[in-house]
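Annotation comment: TrEMBL describes B:Cys86, B:Cys91, B:Cys127, B:Cys131 as [2Fe-2S] cluster binding site.
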Amino acid sequence: MTVTIYVPRDSGSLALGADKVAKALAAEIAKRRLDARIVRNGSRGMYWLEPMVEVATSAGRVAYGPVQAKDVGALLDAGLLDGGNHALALGDPEKIPFFARQQRLTFARCGITDPVSLEDYEAHGGLRGLRNALKLTPAEIVKQVTDSGLRGRGGAGFPTGIKWNTVLEAQGERKYIVCNADEGDSGTFSDRMVMEGDPFVLIEGMAIAGIATGATKGYIYLRSEYPHASIALREAIDAARKAGVLGQRILGSDHAFDMEVRIGAGAYVCGEETALLDSLEGKRGQVRAKPPLPAHKGLFGKPTVINNVISLASVPIIMDKGAEFYRDFGMGRSRGTIPIQLTGNVRHGGLFEAAFGMTLGELVDDIGGGTATGRAVRAVQVGGPLGAYFPRALFDTPFDYEAFAARDGLIGHAGIVVFDDSVDMLKQARFAMEFCAIESCGKCTPCRIGSTRGVETLDRLAANIEPEKQVELVTDLCNTMKFGSLCALGGFTPYPVMSALTHFPEDFRPQPMREAAE
Amino acid sequence: MQQQGTQALADVAARTNAVIDELKGLEGPLLPILHGVQKEFGCVPRDALPVIADALNLSRAEVHGVVSFYHDYRSEPAGRHVLKLCRAEACQSMGGDAIADRLQELLGISFHETAKDGSVTLEPVYCLGLCACAPSAMLDGVVIGRLDEGKAQEIVAEVRT
């Protein structure tokens with residue numbers, strides 16, 4: 001009986017040496033004439049254990065990690081193929097506390113299956129949502145999605161069902177589904193993980209969106225920084241097309257839907273939905289004023305659903321298990337699960353999918369295990385480069401869109417970046433302004449000019465030139481950017497800047513006073 | 001000399017047209033064409049712009065505006081290796097700035113520069129999605145996590161060979 005060994009092909013694992021491990025393993029298998037095959041799976045998201053090798057034994061899967069190429073010989077000597085004991089043995093990967101505490105709905109298959117094997121996908125519950133959707137009318141599908149309470153996981157949190165319904169009702173000879181895979185926020189990688197680890201779930205979600213709204217063509221707009229996601233997606237799309245999951249007659253039905261991957265060109269602002277549409281059309285990625293909404297006039301002026309990767313990838317399970325099943329997870333108006341990304345200076349960094357409602361402190365201290373450097377946690381930035389910095393005093397905030405908003409923060413794409421006590425918050429505030437200046441599309445003045453002036457003002461503050469006046473000026477600039485910018489880039493840059501200023505005022509005091517305070 | 005220039009121009013036009021012919025059937029073909037041209041030449045040559053503009057019925061200014069808007073397009077070819085270093089927050093929190101300083105020192109170049117011997121071009125990138133393995137980098141498309149002094153030395157040795 002051929003033994004299956006799993007070595008991830010996810011880029012996080014590759015960055016830690018997974019290809020070398022796979023190569024060493026293949027060489028040893030050949031040399032020792034072992035009856036074993038290697039499957040390149042996705043990541044389970046426990047990056048401090050990557051590359052994590054798993055072997056399928058008669059008693060279930062057994063994990064080892066973090067494995068380096070030099071460990072392969074010893075692992076085989078220790079009886080890797082039978083799940084033998086070794087210093088790197090982790091036992092059943094699903095019993096590792098970080099994994100066991102999750103509620104994996106969207107990421108149910110990630111790290112388990114071969115990402116580009118459609119048979120594997122179906123064997124693990126794939127395509128059931130699509131098959132159910134084919135039995136319903138478009139309005140019934142939209143109702144299911146609406147009833148599930150799913151809100152856009154890209155950051156804005158707009159109800160997905162309402163968006164779909166607008167496109168369903170819009171008139172147009174052609175409609176589009178656009179997947180926003182321009183995951184540019186620092187501290188986020190859940191889109192990347194799902195595209196590399198379970199691309200069929202996204203393909204299935206987009207096909208369902210097409211059937212629900214009458215769209216026949218889909219585009220995945222992928223950032224150029226994700227070459228491995230592009231490879232996995234293209235392999236999966238080809239496989240889906242060959243098997244009739246995509247094409248003129250989806251699974252033998254009368255519905256047509258096909259899709260392609262388009263690669264961006266390194267502009268953060270293209271993560272904003274209207275800038276993304278302009279970029280797809282072949283223009284500069286500049287933000288459009290709304291209205292008209294993309295649902296009415298989107299790609300090439302046609303009605304368009306534009307959703308984030310995770311939003312679309314959450315649809316198959318809703319269509320499989322029903323709206324109520326999904327809605328029963330979560331709190332308040334934040335329903336279902338959210339893939340939380342624990343990153344930066346954190347001991348147990350990775351992806352943690354859970355129902356909304358856990359507190360920030362639980363996530364950072366219990367799940368994340370505090371900092372990687374072992375020093376005290378001082379600040380966490382939630383929601384990407386435009387998200388607020390929270391101090392420990394706000395660690396009781398539950399993970400919920402409204403609860404974060406009430407404390408002048410945002411969940412965004414649910415990335416948490418942890419900083420220890422060596423962080424300089426003035427420097428972080430300056431970086432936020434600088435990032436906005438580099439990435440501004442230039443269309444509106446508050447963002448384009450405000451961010452440049454913001455950098456200068458914070459530089460004067462750092463140089464101790466009339467500090468009180470600079471604080472006043474930066475506050476005023478933030479106010480103008482927040483209310484005057486066309487999109488979230490300029491509009492949200494005040495979150496990191498003002499939260500740093502509000503919660504860590506000691507870092508913004510003149511230098512002699514800072515020393516005295518320490 | 002002039003004849004040579006004319007010939008070079010004709011060469012750019014021919015190779016650009018080959019890329020265009022393959023991709024102009026797409027909806028919104030400009031970005032795919034620019035990616036294709038950059039793959040062909042290692043950059044988007046100035047002389048390719050009027051060819052593209054002509055084929056897509058755009059003005060040269062429009063094409064130039066698109067090329068200059070995106071960070072990925074180059075006007076000159078990069079070095080033999082391209083090292084992208086992540087500069088975003090998660091990498092900052094793990095000492096990314098110090099590693100960036102060290103790599104600039106070891107390579108003898110700053111960001112956006114190419115080494116004099118043409119060996120390497122150093123570029124900043126804002127997030128590679130490797131935030132749980134910070135600080136991170138990408139060398140010629142190969143991702144590298146948990147950068148430290150040892151890995152920095154390895155990178156430098158690799159680009160110099």
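Even glycines carry a Cβ here, placed using N, Cα and C.
TrEMBL does not curate its annotations; it predicts them automatically.
B:Cys127 ([2Fe-2S] cluster binding site) falls outside any helix or strand according to DSSP and counts as coil. In sequence order, B:Gly96, B:Pro124, B:Val125, B:Tyr126, B:Cys127, B:Leu128, B:Leu130, B:Ala134, B:Pro135, B:Ser136, B:Ala137 make up the list of same-chain residues 6 or more apart from B:Cys86 ([2Fe-2S] cluster binding site) whose Cβ falls under 8 Å from its Cβ.
Listed binding-site residues: B:Cys127, B:Cys131. The one with the lowest count of other Cβ atoms within 10 Å of its Cβ is B:Cys127. Its Cβ taken as reference, B:Cys91 ([2Fe-2S] cluster binding site) is surrounded by 31 other Cβ atoms within 10 Å in the chains shown. Mapped onto three states, the DSSP output places B:Cys86 ([2Fe-2S] cluster binding site) in strand.
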